[in-house]
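Now, the feature entries from Swiss-Prot:
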- 463-475: disulfide bond (DISULFID)
- 471-490: disulfide bond (DISULFID)
- 619-636: disulfide bond (DISULFID)
- 638-651: disulfide bond (DISULFID)
- 660-672: disulfide bond (DISULFID)
- 785-951: disulfide bond (DISULFID)
- 876-941: disulfide bond (DISULFID)
- 1000-1011: disulfide bond (DISULFID)
- 1013-1026: disulfide bond (DISULFID)
- 1101-1121: disulfide bond (DISULFID)
- 1153-1240: disulfide bond (DISULFID)
- 1261-1284: disulfide bond (DISULFID)
- 459-507: domain 'EGF-like 1' (DOMAIN)
- 608-652: domain 'EGF-like 2' (DOMAIN)
- 337: omega-N-methylarginine (MOD_RES)
- 1-21: signal peptide (SIGNAL)
- 175-388: topological domain 'Cytoplasmic' (TOPO_DOM)
């Protein structure tokens, strides 16, 4: 029965739920479990337009700033995204989630505050008055109906499930209670008929009792109303001739009426069952021997039971029953009150005792049990109770489920341009809400506050404001408040410590058991060689993965796509690199890997690679077994000096013999033989010698690989096979067969091409036979002997370093003389690889190490010669102390060459002008010790080859040891050596090694136009060092000498096409205070050529004079604002795109003495004489005093010199000043004479000092910003014409004594 009721209840509740589910079937199932979500976009345009829109579009404001104050009174996060352009306006996106009734309560307002802050406040409808800018949310009607239907569906389903669970639990509890009651039932003793009659309790309603009886009951009830019963009918039990124990009666009442006996009725149905059982007892006799009285009483009792309203005592029929024993009635009344108290232990708070008739029921347990067995059903719950429970539970479930918790959450997303949010902006969020700055690429220093509610105080969140450097592990806000910091202090978990550089990051200081590092991840700051800059806000993560058992170090400071390198078949490495904006994410990934201080520790973490205790660790043949892990090692290594064979079956010396395991039989025509050769120093180790052999009746050819028949005979004069290869180092034009280094312009030591003499190859004028394939073209005699002499130029070695410049003599001068006789043009028509080069290439087939190919290039060079010129060459360099000496000697040489005799001394050495060369004339002056040969003139000569007899211009007599054959003068055409290789893989690897050797010093790979350096090619500063940075040589200008306040510096701009990109030059200027110790400097200034000089920022003290273009590579720089007679030191560095600096180049020079106008000084000396001559008035004295005081020390020296030179007979200048002006004024004037150095004082005593002015062109540039990484040096001259104008500067010079120019 119970199961049937549960099934009916389940069907009752499931039916409406199914109907609702069907009705709501059109609703999106994904939305059934979500709250209502509404998105609103709010633009800040109205307020920016009305107040200060100009901050967004002002051309003068490149990065406008705006203070924001954003406050959210609802729970929800705040997101800032700077994804807009600078011309776009900021806007807010509100994502409101909640139920239908709460969403319209969300309001917002924007306000422009007086301090220029844009306020955006999200608040409740009742939380703030209606202000301009407030906008409520609106809910469409169709969405509301759909929402109500969905909520009703969820409510019915939830209520049904809760009700079924509750009923199931209740039935189980009652079933357990019933079993407990059966075990506790006590059997009733057998009683007599009188005792059985005594158990019949006669119920007399109180309405049948007289007034006095009712009054006594009222008094008793008033005294103990707190313990009276609450039933609807009052009664007075009367015992019929038997003193029944009220205690036993109460126990029976408890078991029958409260617990229900065997019926195990629920608490809800207990009252109905008690009424049913007690009504059956109402038909019993009320008094002994009076059946009519019983019937009368029962009729009246039933009428009272059926009545629907309380019975008034004034309308009842009063029939009293007399009692003879008042004491007995009193006792029964007291007991009745006790029974009522037991039935209602909580008491009755009502005081209406008279108008509400009450009745207490006492039931016989034994009769109740009988009734239960006969008339009561077995089901624990009847139909009426089941219906009541079902309806009540369904109603409660509907009411409770209709109020599903759906909190109101408002998420704010602020979209702004980059750098718009100014430092000091405020964000006020509800406690528990966060500020999401993950998409805020350029965050500002903002102030964050949290509040418990919209009216609560604000608390500053010191940890949440760490936007620029968020803590990796933990943040302690209390530390920040205690130490008055702007943000909370970062803490680390156990086992970690703070990074010494990045205080907000944590590094591990305790490492557990190493589980292997693969993938092995490292991170550090790198250098972006693609963009040509060093990122300051990025950390590069480099992840190395295991290839086939071995890890190789790669470059870790470059930014390129993942590259895969194959060093040998058993060792590969692939690196995947990711650029991370956030260092914390890099650190978190790194924490999962292991830490290694060195490569050896990394390799040792894998444990022994082999067990070498038995069978040589499994290594074959002459391999050595090692247990320690090493780079490029699988545990089997070759002995020192040996290399693994192609099939890795053994080790051999690749420089000797062949490799029989290369898949081509070692290049042998018939047999490839192997022989074991033990090492003399260690007999346990041996080398595998492999060589070619021939079968019977065949012999090995001269090439060591081919085989020839032994019985084969060559006809007379015939050609039997290939002729023997002849070494070409002793052959005419033999350099054509050797390698060539096109950087050093030198011939390599290794012979690349094979030279044979099978053909009769002879050239005109040469008696020796030439190698095959060599074409020789002779040059006519009239074009063979040519003389060249250069213009005299300042010695470049004198202009750099410590320059001992003298304004008296000027620059020393250098002149070059050369005679060249080109006799033959040589061209190589056919090229055959020599045996030595072939063996070297064959030994490298399949090799993957770049170092092996670089060693081959060092031996054989990186190019081979195709065309060259041969002949004779003699050159001489002549140094002069100054330009005047060179000019005088050259004029004398021209007179002698024309037949003129300037002196007797020169007539003795006069020769035929056709054969007299300028070096011979200089040498004759030096040998004779003539006086015209000035001190400091010297000459050095050298020659290549022996001068032919047909050339009369040779100066140096060749020694007998000099060969008579022509020598190599110049290589006119050369080709890369890798073009001679036929194996595609070897050719590719050799080409990569050639490029690496030419541009990356052999320690890096060429990637387009830059070098990717190996891990070993980085300096202590972390910068790559594989690509050599050319050193610019700083020198004084060869055209413009230094003046008293100006110096012109110049250097050659040199930038290789691959590996190095020069982006700037740095010039440091220092003033030396100690002439003996140049390390003591007073001031120091560092200038950038790009940022300070060509931009015009340092004009007029630093200006460009000449910049590179497509024809010229010289850079000239004018340094002004210098002090006369002062030593300055200038240092130059070249800077490339990785931040490297070249080796410095210095120039130390002393500026000349102050320039003086000697003509003006002589005029002033005449004027002073006229003022001092005769009577000198006060006005004349003052005029003389003012004139002399304003001259300055250099001019005053020349005035003194000219005055004493012409007017000393009238009195010396010093004495005349003291006599005419007085000691005090004369002392002030004459004290200026001591301001100059002794060197300048001596120069100012020269009889003749002339003033000349030179013109110096320079570029007057307007200030402009030039990006160094976009600088094109070849187009720099054209680009500067847009912002610079060519102007002329007049520079004064003094010539002491005779003029320098003749």
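Each residue, glycine too, has its Cβ placed from N, Cα and C.
This view paints the features noted in Swiss-Prot onto the structure.
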{"residue": "471", "record": "disulfide bond", "contacts (Cβ under 8 Å, 6+ apart)": "463, 488, 490, 491, 504"}
{"residue": "475", "record": "disulfide bond", "contacts (Cβ under 8 Å, 6+ apart)": "462, 463, 466, 488, 489, 490, 491"}
{"residue": "638", "record": "disulfide bond", "contacts (Cβ under 8 Å, 6+ apart)": "622, 623, 624, 644, 651"}
{"residue": "951", "record": "disulfide bond", "contacts (Cβ under 8 Å, 6+ apart)": "784, 785, 819, 821, 872"}
{"residue": "1000", "record": "disulfide bond", "contacts (Cβ under 8 Å, 6+ apart)": "1006, 1011, 1013, 1026, 1027, 1059"}
{"residue": "1101", "record": "disulfide bond", "contacts (Cβ under 8 Å, 6+ apart)": "1119, 1120, 1121"}
{"residue": "1240", "record": "disulfide bond", "contacts (Cβ under 8 Å, 6+ apart)": "1124, 1125, 1153, 1154, 1194"}
{"residue": "1284", "record": "disulfide bond", "contacts (Cβ under 8 Å, 6+ apart)": "1094, 1096, 1104, 1259, 1260, 1261, 1262"}
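For residue 1026 (disulfide bond), the count of additional Cβ atoms within 10 Å of its Cβ stands at 21 [all protein chains shown]. With all protein chains in the displayed structure included, the most crowded Cβ environment within 10 Å among the disulfide-bonded residues 490, 941 is that of 490.
Annotation: 660 carries the greatest number of neighbouring Cβ atoms among the disulfide-bonded residues 463, 660, 672, 1261 [cut-off 10 Å, Cβ to Cβ]. With respect to their backbone Cα atoms, residue 636 (disulfide bond) and residue 876 (disulfide bond) stand 61 Å from each other. Take the CB of residue 1121 (disulfide bond) and look out to 10 A: across all protein chains shown you find 11 other CB atoms. DSSP assigns residue 1284 (disulfide bond) to a strand.
Broken down with DSSP, the domain 'EGF-like 1' (459-507) shows 6 helix, 13 strand, 30 coil. Cα spacing between residue 876 (disulfide bond) and residue 660 (disulfide bond): 57 Å, rounded to the nearest whole number.
Around the Cβ of residue 651 (disulfide bond), a 10 Å sphere holds 24 further Cβ atoms from the protein chains shown. For the pair formed by residue 941 (disulfide bond) and residue 672 (disulfide bond), distance between Cα atoms is given as 57 Å, rounded to the nearest Å.
When Cβ atoms from all protein chains are considered, those within 10 Å of residue 785 (disulfide bond) total 20, not counting its own. Residue 660 (disulfide bond) and residue 619 (disulfide bond) have their C-alpha atoms 19 Å apart, to the nearest angstrom. Take the CB of residue 876 (disulfide bond) and look out to 10 A: across all protein chains shown you find 23 other CB atoms.
Between residue 672 (disulfide bond) and residue 619 (disulfide bond), the C-alpha separation comes to 23 Å.
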